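These come from TrEMBL:
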type	residues	note
DOMAIN	63-246	domain 'tRNA(Ile)-lysidine/2-thiocytidine synthase N-terminal'
BINDING	G66, A67, S68, D72, V98, G176, D181	ATP binding site
DOMAIN	290-320	domain 'Cytoplasmic tRNA 2-thiolation protein 1 C-terminal'
Amino acid sequence: MEADSKPKKSGARLCCVCNQNRAALKRPKTLEQICRECFYAVFEEEIHQVILENQLFKPGDRIAIGASGGKDSTVLAYVLSELNRRHNYGLDLFLLSVDEGITGYRDDSLETVKRNELQYGLPLKIVSYKDLYGWTMDEIVKMIGLKNNCTFCGVFRRQALDRGAALLKVDKVATGHNADDIAETVLLNILRGDIARLSRCTSIITGEDGPIPRCKPFKCTYEKEIVMYAYFKKLDYFSTECIYSPNAYRGFAREFIKDLERIRPRAILDIIKSGEDFRISTTTKMPEQGTCERCGYISSQKWCKACVLLEGLNRGLPKLGIGRTQGLNSDAKISNGMVIQEESVQGQLFCTNQVNPEDQFFGFYICKK
Ligand code: SF4
């Protein structure tokens, strides 16, 4: 009788790490059966190792965490705070958010970031498109419709983050781009023949020639594991998709990578590795970095893309600023037609607000995803 009253252990798999607790999940990255506590430990330790091996930070650095309120940036803020304390990184951490002016989406997600500010004790700075450019995304979409809206949004976000980072006087911006995001960007840059971006989209630190470098501590972290970590830790994050999110092309690339991952989990890391190992032919013409004649921001053209797009908006001719390049970036072409290249595959900036199928696994979506 006594034996019957004991919990039955048979059939319950033990954690492959501690070999004591019951396994609570199968790690998407390795397919190992693992308990929650060991999952937290290996998840955090892998990020710590990525930070050390790539020397992402140094003691005394002021670091802005690009915070959207979505799962990636929320987990990043949480984990970086933990690691900073645990390993004495000596970092001053801040949350930096961009308010694009999207009613019913960003206003709600910013409320999450404001709660994160209190929960993690990290000072928050919000910069808005309205203040910086005189336009909200709601106003831009009203003028241009739902095509190319993400091009405007992506170009403006890049500068907005840099300007916010400058106001905070930080040394670096850390973003929540994860391994899945980077693999998608590698694939998209190949599909679009964008060699310049292909050559830099796998870099864990970018923008070292610009005003403030950016880094991706989640470069080797799988999106599914970020989802699980946020879910099990009951972190407070925002899970609604941007109301203006289209970007079907990236969506197809994402689906393709998810299919590959289902068959072979390492596929994500292997795509990133392939991107890293590409050698750019010496005959390939690469853009030369300069500064925008109008606002002084880094640009490979006479005017930076934000200025070109703003000029189009302010002249009531927003579509003049949109298009594929095909040699249209010369000064004459810019002054004639203000044509810029689509920005959507620029890995460092793309919005992760588009639908993420894996989030549906847990019934949410994120900005990121
Ligand atoms: Fe901006 Fe992202 Fe929304 Fe596009 S999906 S409008 S880039 S927030």
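Including glycine, each Cβ sits where the backbone N, Cα and C put it.
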I'd like the Cβ neighbour count for V98 (ATP binding site), meaning other Cβ atoms within 10 Å of its Cβ, all protein chains included.
26
If the ATP binders are G66, A67, S68, D72, V98, G176, D181 per the record, what's the largest distance between their Cα atoms, in Å?
19
What mean pLDDT does the predicted model reach across the domain 'tRNA(Ile)-lysidine/2-thiocytidine synthase N-terminal' (63-246)?
94
